[in-house]
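Novice: What follows is a structure written as structure tokens; I'll ask about it next.
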């Protein structure tokens with residue numbers, strides 16, 4: 001894919017996700033979520049992105065298994081398009097937060113998005129490490145349940161069976177598709193140190209360190225909110 005095709009794909013992706021966000025404004029919104037309609041539409045758009053890219057990332061390896069053997073130079077146009085479209089989503093979401101959310105509420109995600117855009121951008125422009133980027137997008141499988149959790153909370157459905165079921169699936173997929181995937185990617189980067197240029201290795205190492213730290217903090221927050229807190233509440237009810 002040449003530069004013009006990359007720019008067109010990324011730009012088209014930005015526009016599509018903007019249209020999706022606008023289209024969600026025309027759909028019914030839970031009454032309790034109407035206090036912050038921007039957040040509801042933003043999370044819903046992120047949910048759609050995760051659903052598409054999470055499945056797409058799995059298909060990339062199913063349809064082109066040889067890519068798993070060489071994450072540096074082997075890739076298909078199918079996987080290249082996935083990474084390009086994801087860049088468009090992160091650009092859209094970056095500016096959506098900049099325009100409609102206060103900086104102190106979004107700086108962590110803004111920083112995350114900048115790192116992802118930089119790393120994915122390098123990948124699609126050089127046509128190297130596309131496979132590595134697709135591995136990174138496997139975390140979107142967990143993001144499906146992570147975003148669904150936020151939507152259920154906004155809809156005041158935190159006491160439902162659906163929420164409890166989603167919490168368990170969310171934690172399980174978090175361990176498999178976030179923690180384990182990041183650990184595997186870090187291991188791969190260390191093992192292939194001699195095959196990766198210094199600049200790319202530095203960017204990858206810094207990016208992995210940031211992502212790992214952010215995901216460990218988020219995992220603790222989820223564990224405390226959905227399991228430790230509910231356990232304490234159950235214990236108190238039994239003591240009454």
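Cβ atoms here come from the backbone N, Cα and C positions, even for glycine.
Curation plays no part in TrEMBL annotations; they are all automatic predictions.
According to TrEMBL, the protein carries these features:
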| type | residues | note |
| --- | --- | --- |
| TRANSMEM | 6-25 | transmembrane segment |
| DOMAIN | 35-231 | domain 'TLC' |
| TRANSMEM | 46-66 | transmembrane segment |
| TRANSMEM | 78-95 | transmembrane segment |
| TRANSMEM | 107-124 | transmembrane segment |
| TRANSMEM | 130-148 | transmembrane segment |
| TRANSMEM | 168-186 | transmembrane segment |
| TRANSMEM | 198-223 | transmembrane segment |
Novice: Using Cβ atoms and a strict cutoff of less than 8 Å, what residues sit near the transmembrane segment (46-66) while being 6 or more residues removed from its termini?
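Specialist: Sequence-remote neighbours of the transmembrane segment (46-66) are 17, 20, 74-76, 78-79, 82, 85-86, 89, 93, 134-135, 137-138, 140-144, 146-148, 151.
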Novice: Looking at the transmembrane segment (107-124) and the transmembrane segment (168-186), are there 3+ C-beta pairs under 8 A, with each pair at least 6 apart in sequence?
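Specialist: No, since the transmembrane segment (107-124) and the transmembrane segment (168-186) share fewer than 3 Cβ pairs closer than 8 Å, they do not count as touching.
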Novice: Take the transmembrane segment (78-95) and find every residue of the same chain, 6 or more past its ends, with a Cβ under 8 Å from one of its Cβ atoms.
Specialist: 1, 6, 9-18, 21, 42, 45-46, 49, 53, 56-57, 59-60, 63-64, 67, 109-110, 113-114, 116-117, 120-121, 123-124, 127, 130-131, 133-134, 137
